[in-house]
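Peer 1: Can you read through this structure? Questions will come right after.
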Amino acid sequence: MQFHKYDVLIVGAGGAGMRAAIASATESGAASPRTAVLTKLYPTRSHTGAAQGGMCAALANVEEDNWEWHTFDTVKGGDYLTDQDAAEVMAKEAIDAVLDLEKMGLPFNRTDEGRIDQRRFGGHTRDHGKAAVRRACYAADRTGHMILQTLYQTCVKHGIEFFNEFYVLDVVLTETENGPVASGAIAYELATGEIHIFQAKSIVFATGGFGKVFKTTSNAHTLTGDGMGIYFRKGLPLEDMEFYQFHPTGLAGLGILLTEGARGEGAILRNESGERFMERYAPTIKDLAPRDIVARSMVLEVLEGRGAGPEKDYVFLDCTHLGEEVLETKLPDITEFARTYLGIDPVYEPVPVYPTAHYAMGGIPTNVDGEALRDNDTVLPGLYAAGEVACVSVHGSNRLGTNSLLDINVFGRRAGMAAARYAARSEHVELPDDAAETVEGMVQHLRTATGGERVADIRTELQQTMDSNAAVYRTEDTLKQALSDVHALKERYGRVAVHDKGKRFNTDLLEAIELGFLLDLAEALVTTALARKESRGGHAREDYPDRDDVNFMRHSMCYKLLPEQKEENAPLGLTGFTSDIRLDYKPVVFTRYEPMERKY
Amino acid sequence: MASPTPTDTAAHDTSQIPAPEGSITVTVRVLRFNPEFDDEPHWESYDVPALPTDRVLNLLINIKSYVDGTLSFRRSCAHGICGSDAMQINGVNRLACKVLIKDLLAKGNKRTTISVAPIKGLPQMKDLYVDMEPFFEAFKAVKPYLIAYGNEPTHERIQSQADRERFDDTTKCILCACCTTSCPVFWSDGSYFGPAAIVNAHRFIFDSRDEGSEERLDILNDTEGVWRCRTTFNCTDACPRGIQVTKAIQEVKQALLFKRV
C-alpha cells in the first residue's frame, strides 16, 4: 500500500476535472496548492471528447443575444425544475468560459470577421422562445474533442500532475465534532493491482455519468457512475436520479451519437412516409425543440406505427439537402460514423436514428461553488463535485444541448477554485485507521471468490431491463418490473466471481466493481422514478402524462439506508445489496421565472 | 522487439458466447502475454460468433466476458473518438472499434481469421496493453500548447477562416498512437519523437495565434526530430482520423528549411 499527500485531489480527467485542476493550480489566488489528478483512463480518453455540437454562450457574435435569454431557455428547457440562481450563474459565466478556452488555444470555427462562429441548437432561443438563436460556439462537430485536447494541453503547459489508470473506489470521511469531513480517497492502480491512499485537504469528484446502466447508449464502456456510487454508499444523497436524458439521434440499434448540431445546421427528422413530424409536436422551433420533447415524439411515431425500416422501429435524420460541403466541413465526424457503422452516406441517404441513453441530469447535490451537500443544504467540508457526476441543479429535469460542455467549464472552474481556497485555509484531516479497509475487502474478495455468477450476464440483464422498463416512457408496471429485476440482480451479484485473479492490468476485477456501482445507481433511478407520479422533462410517465407542480415541483433526494453493521454476505459493496432507499425532497430555487406550460 | 514464434494453443471453448441470428464464425488469434505467468508472448485462438456489422472490439469483449476474463485490452468510447483501442489487426494499426468484420471478410467468405497484436515499439505490459508513457513523453516534449506573449485580448483573438483552416487537419489527432507505432524509424529507435508528436507540434506551429514556433522548430530540428522521417507513409495509412500525417511532417520540414511558417 502506498501513501500520498496533496492539497487538492481531483478525481477524473474529463472536461470538469481538468478545468478544476487548471483553476486550482493557476487561478485560485491560493499559494500554489499541490494538485493531483487521478483518472481511470488517460486524460485524452475521457468521454468529454465524444461531445460534438457546441458550447452555448451569449456572445452575440452573429446575431442579437444575451445571457438572460440563455438563462430563461435553460430554466424552461429543464421544465422549471432548474435552480434558477444556478442557471443564471452558468449563463452569465458562459461568455468568459468560452473566451478562456479560446485564449488557451481552442480552435473554434470562425465567422467572416474572424470571430468565434455560432450555430443553432435545440431549445436555445431568441427573446424567450420567439425563434431559434445562434448561440452554440463550435469546432466542426468535434467541440468536445477540442475542449478535452485544449484542457489537457493547458495542463501539460502548467505541469499538472496526473496519476493515469488509477481507479478511485472510495472516498475517506473522517468524523469530527461538526460531522463528517472529507480527508482522502482510495485508489486501485491498474498496472500493479496496488492500493493507494491519497490524503488531501479537498477532493473534487469529476467522474462523469453512468450511461452503462442502459444497453443502447452514447456513453463509453467506462461510464459506470463510480463517483456517484461511492457517494451513495456512504449514505449521502443523490439528487434527481429519475431524470435521465435520451438523446434523440443515436444511430439506430447502436446508440452512437449524431449531434443535434446537424439539426442546428438544418437537418430534419422524418418518419416512414417522409413527414417532418416535429411540426406537429413543436410548431415554432420544430426539429430544434429540446431533447426530451424530440425523443418522446420519435418514440410516439414508432409506437403509432409510423416508424421506418423492416421492424418499423426507427425514424430518419435527413441531411441530404445540406449538401456535401456542409457535411464535410461542419459535420465531418457524424458523416463518417454513419458511413462506417451503418454503411449509409448522409450526403445521399437519410440516416436511421432512435433515442439513445445519453446524460444524467441528477447526481451528487452541490451548491454553485461545487461544494457537495450531505442533505438539502449542509456542506460536506472538503468534498466537491462538478460535471455530469454533480447536480447543481442547472439542468433541472432536462438538459439543453451544449449546456454540458458549458457546465463542465463553469462549474469545473468554480469547484477547482473553491477547493484550492478551502485547502489554503485548512489543515489536513487525520485519516481513520481503517481508511482503505473497504477497498481492500472488495479487491481481496474478488481475488478469491468462487461463486457461479458472471459479470457479463448480470450487466447484460441489467441493461436489458433498464432499456425495456425505465427508458423514454415509463409506467408504474414497467418501473416495478425494473426494480424487482435490479433486486434479483443485486442478490446474484453477491455471488459474482471473476476469472482473472492476477495483479497486472486486471480489468476483469474492475469491471466487477463497476457493475456494483451500476446496480446501485439503477436502483436509485428506478426508485425515484416510481415515486415521481408526473411527467416532467426527461421523466415521462404514461400513467401520469401531465406535469404536477402542486405535488412534484421539487427535487428528489435519494439516500441509501445503511445497515447497522456490515452484512456478512455483502463483501463487494460498502453496505450490502438489499439496503432500503429513503426518499426526501428539496425545494426548487426560483428567482425570475414563474413556471409556465412548456410549448415550443 | 523480436517476432514471437507463432505457437497457437489448443482451441478454447467458446460455446458460452451468445450467437445472434445470422452470425458467422470468426477465428480470432490474439498475441497474448502476461509477464506474471508467461516467459514470452504466444498466440491463442478463439472461434467467435460474429455479425458482419460487429466491430473487432465486440469480439474481444465477448472473449473476455465469456471465455477468458484475463484477456486484457484498453477500450472506452467504442466509436473511434477516444483512441484507447489501437492495436495491430491483421498486421496493420487500427482502432478495434472502427474495424467491422464485414470489412475483413473476403467476398462470399463465411469464415475468416483475424490476428490481433499489440501496437509495436512500446513495451507489451499484458496482452494488448502497452506502456503509453514514452508516447506521451514525446508528445509533451514538443510543447503541445498555445504559446502567446503580451497582454491577453479582452475578447477572443481574431483569426481568419483561412488561418483557421491552415491547421484544421492536425487538430483531429486523438493521440491513439496508431501512427507512431506504425513507423519503422520509431520501431528501430524509440527515442525518435514519432509522427504523433510532430502532428501536435504542427497543430500549433501553423496556428496564427501561436508565437512559439521557433522554440518548437528548434526542438524538432534535433537529431531525434523531423529529419528522421523517411516518408514511408505508414503513419498516414494508419491514422484512424484520416489526418495527412506525412504531409504534416513534410510541412514542418519545409518550415525548418525556409525558416518560415
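Any Cβ shown, glycine's included, is placed from N, Cα and C.
Nobody curates TrEMBL annotations by hand; they come from automatic prediction.
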Peer 1: If TrEMBL gives A:H247, A:H358, A:R399 as binding substrate, which of A:T259, A:T366 does it give for that site as well?
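Peer 2: For the substrate site that includes A:H247, A:H358, A:R399, TrEMBL also lists A:T259.
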Peer 1: So if the criterion is CB under 8 Å to a CB of chain B, which of the binding-site residues A:G12, A:R45, A:H247, A:T259, A:R399, A:S404 qualify?
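Peer 2: Cβ contacts with B, in sequence order: A:R45.
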Peer 1: Does anything in the same chain, at least 6 positions from A:L41 (FAD binding site), have a Cβ under 8 Å from its Cβ, and if so what?
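Peer 2: Listed in sequence order: A:A13, A:N164, A:E165, A:T222.
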Peer 1: Validating a neighbour-count step here. Other CB atoms within 10 A of the CB of A:R399 (substrate binding site): how many?
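Peer 2: That number is 30.
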Peer 1: Cα-Cα, whole number of Å: A:A16 (FAD binding site) versus A:H47 (tele-8alpha-FAD histidine)?
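Peer 2: Cα-Cα distance, A:A16 (FAD binding site) to A:H47 (tele-8alpha-FAD histidine): 11 Å.
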Peer 1: Quick one: largest C-alpha distance among A:H247, A:T259, A:H358, A:R399, binding substrate per the record, in angstrom?
Peer 2: 15
Peer 1: On the 0 to 100 scale, where does the mean pLDDT of the domain 'FAD-dependent oxidoreductase 2 FAD-binding' (A:7-405) fall?
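Peer 2: Summing pLDDT over the domain 'FAD-dependent oxidoreductase 2 FAD-binding' (A:7-405) and dividing by its length gives 97.
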Peer 1: Whole-number answer please: how many Å between the C-alpha atoms of A:R399 (substrate binding site) and A:G12 (FAD binding site)?
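Peer 2: Cα-Cα distance, A:R399 (substrate binding site) to A:G12 (FAD binding site): 22 Å.
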Peer 1: Quick one: pull the CA-CA distance for A:S404 (FAD binding site) versus A:H358 (substrate binding site), whole Å only.
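Peer 2: So the Cα of A:H358 (substrate binding site) lies 11 Å away from that of A:S404 (FAD binding site).
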Peer 1: Where the distance is taken from Cα to Cα, which of the recorded positions A:G12, A:R45, A:H47 turns out closest to A:H358 (substrate binding site)?
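Peer 2: Closest by Cα distance to A:H358 (substrate binding site) among the recorded positions A:G12, A:R45, A:H47: A:H47.
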Peer 1: Could you find out if DSSP has A:H47 (tele-8alpha-FAD histidine) as helix, strand or coil?
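Peer 2: Helix, per DSSP.
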